[in-house]
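A.B. asks: The structure's right below; bear with me while I get my questions together.
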Amino acid sequence: MTAALAPVESRPASTGETDTRHSNTFLRLKKKLERGVGEAIGDYNMIGNGDTVMVCVSGGKDSYTLLSCLLALRERAPVDFRIVAMNLDQKQPGFPDHVLPQYFESIGVEYRIVTEDTYSIVKDKIPEGKTTCSLCSRLRRGIIYRTAKEIGATRIALGHHRDDMLETLFLNMFFGGKIKAMPPKLVSDDGNHVVIRPLAYCTEADIARFARAMDFPIIPCNLCGSQENAQRKQIKTMLQGWAREHPGRIESLATALKNVVPSHLADSRLFDFVGLTRQTVVEEGDTAFDPLELPQPASATIRLMMPGADD
Ligand code: SF4
């Protein structure tokens, strides 16, 4: 569950068209999302034969979409893997605890509901008015890892998407002094769990359209009463403005996450500037006196990220 995400019903539609589940626009969108997920899985070797993937489903649009895409891809994947949907009921006031079990049963997916009253713990420990997300997330992470172990999961799939990754990149640059985003795949600190983000190439707008068309039973994400992080909101607004005013810019940023040139940054831990001599071969060469290279056209960049996305 991402604190920053507003319920899908409060989001404006990204297109004027209505996507019904059998319309061509919907089928194209479904194909595009599944292709993006398939590519991310392939590019980062996220899932292999015999894996058990525990998909964390919060009841938000992203995790429903993730589960739907993984189930569809499993049907035609060359590898055999198990999917277990998992929801953590944190006992937030008004949480409709019947919704997800009903949904999982309706689609016939194996599932595990874990009920832990982290809400009371957080309310008890954090003074009124202070942000609760960091303790809440820490508690949630511990429960998710424990559950993954119990069910024998070799992968934990989270519903973060491309725009979450970019927002995190800017949050870290603007407020943390780091060029650091959200990795598509990571290993937990204790080395016991591999966490994957198969929606890494999918846009929030596509996911929102898909979720609307699929009519997922969305559970609001503000039940804990926590406000959306103001800094993340600010970054989101900035990126949405860029997307409107500069077509292709966001796609270029997403591509940039995959094209890091350490010799052209300034981090001596990534590139040995101190030991650099006239014999050192530098990636992308000597650009000291060159004009800045122009970015690729937006359409080419989009195809780089998602071949066939525009077909
Ligand atoms: S406090 Fe609320 S918004 Fe923050 S992480 Fe927990 S459930 Fe999400």
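Cβ from N, Cα, C; glycine included.
Summarising the annotation, TrEMBL assigns [4Fe-4S] cluster binding site to CYS133, CYS136, CYS224. Residues annotated as domain 'tRNA(Ile)-lysidine/2-thiocytidine synthase N-terminal' in TrEMBL: 53-214. The region 'Disordered' annotation in TrEMBL covers 1-21. Here TrEMBL flags 58-63 as motif 'PP-loop motif'.
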A.B. asks: I want to check the contact list for CYS224 ([4Fe-4S] cluster binding site): same chain, sequence separation of six or more, C-beta distance under 8 angstroms. What comes out?
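C.D. replies: Once residues fewer than 6 apart are set aside, CYS224 ([4Fe-4S] cluster binding site) is near GLN90, GLN92, TYR119, VAL122, THR132, CYS136.
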A.B. asks: Please spell out the DSSP helix, strand and coil residue counts for the motif 'PP-loop motif' (58-63).
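C.D. replies: Tallying H, G and I as helix, E and B as strand, the rest coil: 3 helix, 0 strand, 3 coil.
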A.B. asks: Reduced to three states, what secondary structure does DSSP give CYS224 ([4Fe-4S] cluster binding site)?
C.D. replies: coil
A.B. asks: Can you tell which of CYS133, CYS136 has the most other C-beta atoms within 10 Å, given these are the binding-site residues?
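C.D. replies: Comparing the binding-site residues CYS133, CYS136, the most crowded Cβ belongs to CYS136.
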A.B. asks: Across the motif 'PP-loop motif' (58-63), what does the mean pLDDT come to, as a whole number?
C.D. replies: 98
